[in-house]
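S.K.: Copying in the features that TrEMBL gives for the protein in this structure:
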type	residues	note
ACT_SITE	H167	active site, proton acceptor
BINDING	C175, C178, C200, C203	Zn(2+) binding site
COMPBIAS	430-447	compositional bias 'Basic and acidic residues'
COMPBIAS	453-462	compositional bias 'Polar residues'
REGION	370-468	region 'Disordered'
REGION	504-549	region 'Disordered'
Amino acid sequence: MTVTLNLDAATTDSYTRRTLSDISLAVAKSKKIVVVTGAGISCSCGIPDFRSSDGLYALVKERYPDVVMKGRDLFDASLFRDPTSTAVFYTFISGLKRSIDGANPSPTHHFLKTLDNKKKLLRSYTQNIDGLEDRVGLLGSSCQEAKSSGKGKTKLRTKDVRNVQLHGDIHRVRCVACSADYPCTEEYLSCFEQGTPPDCPECLSRSEARVARSARATRVGSLRPGIVLYDETHPLGDDIGAIHSADLGRKPDLLVIMGTSLKVHGLKKLVKDFARTIHSNASNAASSSKKPFKVIFVNKTAPSSEWSDIIDYHVAGETDAWSNNLIEDWKKMRPADWEIQQTLVGDDSDQPVINGGLKAIKSIASGSSIAKPRKPFAGRENIAPLPMPSEPDDLPAHSKTKAPPLSPSKRRQKASHYDDLESSPSKRQAKSEHVRAMPAGERKTLFSEKINVKSSQPQSNDVFGDADRSKMDISLCDLSIKEVETSKMDVSVLDLSMLDVESIIKEQPPPKPSRKVKPKPSETKRKPLTRSRSTTEKRVTRRTGAVAS
């Protein structure tokens, strides 16, 4: 059963005042609030109504005195069947658009933005076409910024949409032929005011391009206001259905309905789905004697009897007054939610700038008191390390500092794997010093002097000539007289130069005779197969004996 609370009686009735405070506290504690709004939240914005003496119906009657149309007929899709009713509709929409352009958002619109700033608004669903929610900062589903730029099936960026416009937006126009979408400019508005729709620029350019290449001209569609009429399909119906299903799965905890009479079938289904989900997710901590604050209905008129088991509380009054009272109670009961953290930011002129809002500031010491050291050679993984400054050799080994090692995956590989200092003993290069090697002063340098040059002094026939010989004239006898320890197998030409070659040859043993290679059996000639004579005679004898018998 729905409980009705009169907002004006809150000053005199203690029960009403206490219950309204409990509703305000429930809103403040909730984290996923779904709000459904209607035309009642825009009545205080300066938009004229339809039925007053200076309303929009009077404007249409003055322009078309012979036309008799009801209010609902101006928002029915069947009006496009008649040119006269279509012209009346365009004139009516142009006047409504100009009155909306001069309107300002109401306190209820700012209340919705407050819920969004406090991270408590799950989504807002509205029947209004004025787009005032977008002015306070709630991105609408019909806005150009909400359109998806990808090639997927979805036309909206559902995560960024904060306000779902169930009946479209009067600030947009679309083509009846190609469904192209454009903003409603002053040029289009002037055409609507005269009762004639403007041509679609997309269709017009396509048709002109076909005529230019001698092709048949196509139909040029006309623009109409981007609102959804009765008995008309929503252009973004699939995306809105996806948003509705996603919000049901996120388990909302509170539903607020404001400024609507709940007469439209689609809106009724949406509200019932959210109310059923919220009631099923309600916790058992609430007292059984007190009705839970889960579905709140704020409107001047009471809901019909079909909502008695769905709506928990009905607040009879203006939506702006209820929103202001709720904000005041919220600030009194939970002042911590309204604390504003101000940050002083110094700019180049050394003037402090105050940034308001609930902005989380991360302290430097909040994470860790010790700053993480920077990685050595940061940003230079693929560049060879810079050469380290040379240190004096007289320092002890333990005092010589070494560059910090890199990570194993980034470690610079050595030019040689056989390093004498860090390699294993089995891979170290063996340094063998030559025993009794030739002194450096007596060594001959190759290609340092000219050869085949006649000397001024007569050369001696002595094998051991003087030191004035060419450095290239290094005979074998010079090397043979040096005391060089050689192994038994190191019999080089220099040893043969001092011996008698003929004596060495005589001492060598005679060569052994080579073995004859027998031919393989396959290489021998195969004898023809011949049968022995005795065997043939035996066979002939057997045959003759058998015939005789």
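Placed from the backbone N, Cα and C atoms, the Cβ positions cover glycine too.
In TrEMBL, annotation is done automatically, which means it is predicted and not curated.
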S.K.: Counting across all protein chains shown, how many other Cβ atoms sit within 10 Å of the Cβ of C178 (Zn(2+) binding site)?
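M.R.: There are 15 such Cβ atoms around C178 (Zn(2+) binding site).
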S.K.: May I have the list of same-chain residues other than C175, C178, C200, C203 whose Cβ is within 8 Å of the Cβ centroid of the recorded Zn(2+) site, in sequence order?
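M.R.: Near the Zn(2+) site, beyond C175, C178, C200, C203, sit V176, A177, S179, A180, D199, P201, E202, L204, V220, G221, S222, L223.
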S.K.: Across all chains shown, how many C-beta atoms besides its own are within 10 angstroms of the C-beta of C203 (Zn(2+) binding site)?
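M.R.: Within a 10 Å radius of the Cβ of C203 (Zn(2+) binding site) lie 20 other Cβ atoms.
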S.K.: Determine the minimum-neighbour residue: among C175, C200, listed as binding-site residues, which Cβ has the fewest other Cβ atoms within 10 angstroms?
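M.R.: Lowest Cβ count within 10 Å among the binding-site residues (C175, C200) is C175.
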S.K.: State the Cα to Cα distance, in Å, between C200 (Zn(2+) binding site) and the residue listed as 'active site, proton acceptor', rounded to an integer.
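M.R.: Each residue's Cα considered, C200 (Zn(2+) binding site) and the residue listed as 'active site, proton acceptor' end up 22 Å apart.
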S.K.: Return only the integer: C-alpha distance in Å from C175 (Zn(2+) binding site) to the residue listed as 'active site, proton acceptor'.
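M.R.: That separation, Cα to Cα, works out to 17 Å.
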S.K.: Reported as an integer number of Å, what is the Cα distance between C178 (Zn(2+) binding site) and the residue listed as 'active site, proton acceptor'?
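M.R.: The Cα atom of C178 (Zn(2+) binding site) is 20 Å away from the Cα atom of the residue listed as 'active site, proton acceptor'.
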S.K.: In whole Å, how far does the CA atom of H167 (active site, proton acceptor) lie from that of C203 (Zn(2+) binding site)?
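M.R.: Distance (Cα to Cα, whole Å): 25 Å.
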